[in-house]
Amino acid sequence: MAKAIKQIKKKNHNQEEEQASAVASIVKEIANNSDAILTMIGIVKNLHEMGALDTISALIEKRNDVGVIAIQQINKPEMHKTIKNGINTFNFLGTIDPEQLRTMLFGITKGLERASESVGKKENQSLWQMGKAMRNPDTRATISMMMDFMQGMGEGMANVPTNKK
Amino acid sequence: MDNQKFPIKINGKDFDAIQGQTILEVAKSQDYEIPSICYHPNLGTIQTCDTCFVQVKGELVRACATKAEPGMEVDTLSKMVKDAQYEAMSRILKNHELYCTVCDNNNGNCVVHNTAEYLEIEHQKYKFEAKPYPPDNSHPFYRYEPDQCILCGRCVEACQDLQVNETLTIDWEREAPRVIWDNDVPIDESSCVSCGHCVNVCPCNALMEKSMLGEAGYLTGIPANMLGPMIDLTKEVEPGYKEIFAISEMEAAMRKARIKRTKTVCTYCGVGCSFEVWTKGREILKIEPTEEAPVNGISTCVKGKWGWDFVNSEERLTHPLIRKGEEFVEATWEEALNLIAGKLTEIKDQHGANSIGYIASSKCSNEENYLFQKFARAVMGTNNVDNCSRYCQSPATAGLMRTVGIGGDAGTIKDIAAAELVIVVGANPAESHPVLSTRIKRAHKLHGQKLIVADLRKNELAERADVHLHPKPGTDLIWISAVTKYILDQGWQDKEFLENRVNGLDDYLTSLEKFTLEYAEERTGLTKDEMIQIAAMIHEAKSVCALWAMGVTQHMGATDTSTAISNLLLITGNYGKTGTGAYPLRGHNNVQGACDFGTMPAWFPGYEPVQDREVRERYEKAWGVSLPEEPGYDNHQMVEGIHKGELKALYLFGEDMALVDSNSNYVDSCLEKLDFFVVQDIFFSKTAQFADVVLPAAPSLEKDGTFVNTERRIQRFYKVFEPLGQSKPDWEIFRDLANLMGAKWAYTHPGEIMKEAASLAKLFSGVSYERLEGWNSQLWPVTADGTDTPLLFEERFGFPDGKAKLVAVDWTEPFQPGEEYDLFLNNGRLLEHFHEGNMTYKSEGLTHKVPHPWVEISLELAQERNIEDGSLVSLTSPYGNVEVRAIITDRVKGNELYLTMNTREDNEAVNKLTSSYHDKVTHTPAFKEMDVKMEVLELKGEPPLPEVNHRFGNRIPQISVRVEEKWKRDDFTPIQDLFRGDEYGQSDQAN
């Protein structure tokens, strides 16, 4: 004879058992990864000494308040410009042929060397000397390149892609 | 011309087109991308989004609405096409703010996101404009955010023409159109049945599962006071959408690391819907159906879409329990299994193997049912094993076994959709098999399918039917036989079919003689005209499917009525062709599979008799034991056996017998008498209260396995979570127990169990987990090479000579308890809850929609007895008494009551009223044969059904989204008018 019953006696020590088994599995993982854990402890110790942990903890705790302030600061016209300029610059870099830039930069490096030599001499070239220098093929190459650059720039300025397609 | 293939050119490349396909379908079928947003393969052409414009003969046409023609040349790349698509996408983005990275729908499958990206939208032509409506968060499960709604109408199409609940429309008349529910009421107060179709098809985040909000993304939980400025900032500095898309794609990819997507098969009815479960840890984010799902596509119902909270319920059993005195005490698996092994051995030794019964579960997997019958037969030496199909479906199976030789649905859901005429007898598929019923509703609404419903209640399908028959309770056999006789008298039978494919015509004709229209009219209450009309409709239809369920099978003459239905189909030649056949609608997810895999007292897996020596030897050899040859007890006989003192112990899993078996008071008194009772379940059920040992089992989401749906389709489901606490999958419990008793079973995965079953049962020869991978499925019989059988009987019926049998049957008068019991008691399931609600009441949202059971009382009876909505009434039968609150409705007529079964309370449960009378052949209880007397206990009270229930809604039927009304608006300019040749005009738009 078994009457219907609803009473269930839960073992009190179940929670302790579950805790014990959870702790055991954590200890096992720690033992298996002791090197990584020790390194991490080192990092945490340093962060703590720096006071960085307190800062991070406060930031996390107050993440919404801090986030709102930050986003308000960022969501201003100057910041819009900064971000847009950042993105435009980034995009600009993406459009340059690395080989061309390398040639240019190499030239600029050489140019700088010579320029700093000239600064060191503390002696300016006379107009005559400058005139003579124009005959120098290296100088001519730079100037003709500058002329091409200016032409291209003019072309580019006339055809800036609009933001409305 | 049907199915004729011809080539067309898209961008100069050849594509095969089939007659009737649109350009878009041709492209999609060959994985060629033409952008589209509103088109969905399960919904068809809607024509609202305009992103699929292509160029044919110099003109812009919609690829989704233009049929491919031989020799057609399609250009999808020209400037005109690109400009048109850009215009269309810009109009969409005017209605939809792109904040993808902080959107919970950014999971790689957002159609709006992906289309905008594909079209390389850099900047938006028209500024986003918020709509003047707040979001609707009234519904417990989903929200509508008008600001994000692109008005594509997918949701409306799905609601109107796929689910066919007809709740959603778009009001194109107002200045800012939006989707509205009913006559523009909050979602929760509408006729919405919460099926989830609209959410499933929404191409963006306008309609979303609330369980996803703030949970899916890494940044989506951000509070509104931070999110607003963040969106503004993003828009202010945006260099173009390309960069935004790059970031949102990265974020979507990161989400995949923490959102797990697992295919599963629904356990809420026999239709067999499959879908993905999206989870984060143990949290269910959403149910995501896909068009690849073989049965349901993107369709779901309220339970399948939302009803899974029970998996993480606090009330789950997590430890084995052992009865000690007046209480259950938590135990270890070792203690529990040792106790069971010891007790079962002791009882077997003392009283014989047949003194123990085994009741299996039609909710559990094929593999679990296979192992359980193997345990009963091979380890415990008895055939006393049965499953709960005994409570519902056995008579249908028996009726089909008699007539066509195979006890399963003749075809698939596609045949039901394709039939010219569907006859539904004693079934309420709109509530009990919701997704299957959507296919009938759709075919009936859009494709001219005729529908006959024979039911006591004006249920949803009855409301929609061309003819609703309301025969007297329990008289279906009579009108079906009379209609069959009339068809024969008119010479409308399929003579060739009968000649070539059917035996037993002469005897059958003799048996029909008494079923004249006059006799039927007298007994059934139907008119001759009604029956003649039915006969004529069957005669005129080229293909007929007959569907039935508990209204037929839970009667004393249930097998005979099922037989009569099959006879009618044979007489009219409605077997073996597309769109024909018999479809008993299986109620549980694995009723079919439990029977298929052998938890039946007389059958091994695959319906091979235990009495057949050759079959038995095959199993004896494989299992290395000798097996009992006499059929064992079925469920009913087990209860009788306990009563008589022959059955001493019972092992039951996944079944709440104390509530769902008929005549509960009697069953309960028997359960009390058992010497030893093991109950295995996921919850501490009513039945578990009688147990000596309760074992905690794991539900489908916590294990692997397969189910067989009502179509005979075998589908795999995959483990989503680890079992909760110390619960275990049922198959592991059987394995461990068997091994404790010396069985040495080495199964480590259900796939191995299926392999063994397939190697032994011919019906499943070619079934394997590899062939069932992912969305693949197999419909039995499956031959060794893996060929399955979607449609049965194309060549032969399931008898040795390949011919079907007409079987003479006679009417069995239903049980009537006596004059004083003056009201007929009908009963059944309802949409929102599964059975008694052990699982579905764990969902707050479902409980919000339906918190209580109720009894439906007709307008006439309510007036006569002075009863109102909310009155508390007591119903009394000779077997017991219940007290429930009333709902007055015209769904029931006259003296017929309908009591819903969604309760776990003794004094509300219908089976306190039902008897132990049963079907003569299969012993299925006659749940649907009871009369009661009624007493009003309290006139006034709170109505048991809240006003936020769909039954009080106000449907707005229409076909599709009525895009023509959008096109008629003054502010709408057709895109094709803007881009004629090179003369582009100016645009206004209203989408």
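Using the three backbone atoms N, Cα and C, a Cβ is placed for every residue, glycine included.
Bear in mind that TrEMBL entries carry predicted annotations, made automatically and left uncurated.
Mean pLDDT for the domain '2Fe-2S ferredoxin-type' (B:4-80) in the predicted structure: 94. TrEMBL lists B:4-80 with the feature domain '2Fe-2S ferredoxin-type'.
The domain '4Fe-4S His(Cys)3-ligated-type' (B:80-120): residue composition by secondary structure is 26 helix, 0 strand, 15 coil, according to DSSP. Positions annotated as domain '4Fe-4S His(Cys)3-ligated-type' by TrEMBL: B:80-120.
Per TrEMBL, the feature domain '4Fe-4S ferredoxin-type' maps to B:140-159 (among others). Residues of the same chain lying 6 or more positions beyond the ends of the domain '4Fe-4S ferredoxin-type' (B:140-159) and with a Cβ under 8 Å from any Cβ of it are 37-38, 40, 42-44, 46, 48-49, 92, 95-97, 112, 130-131, 133-134, 165-170, 177-179, 187-188, 194, 196-211, 213, 298, 305-306, 844-845, 848-849, 960-961, 963, 966, 991.
The domain '4Fe-4S ferredoxin-type' feature in TrEMBL is assigned to B:183-212 (among others). Using a Cβ-Cβ cut-off under 8 Å and counting only residues 6 or more beyond its ends in the same chain, the domain '4Fe-4S ferredoxin-type' (B:183-212) has close neighbours at 37-38, 40, 42-43, 96, 103-105, 110-113, 136-146, 148-150, 152, 154-159, 162-163, 165-168, 171, 283-289, 298-302, 304-306, 434, 831-832, 845, 849, 947-948, 950, 952-956.
Counting residue by residue with DSSP, the domain '4Fe-4S Mo/W bis-MGD-type' (B:259-315) contains 9 helix, 19 strand, 29 coil. The domain '4Fe-4S Mo/W bis-MGD-type' feature in TrEMBL is assigned to B:259-315.
Taking H, G and I as helix, E and B as strand and the rest as coil, DSSP gives the domain '4Fe-4S ferredoxin-type' (B:140-159) the counts 9 helix, 3 strand, 8 coil.
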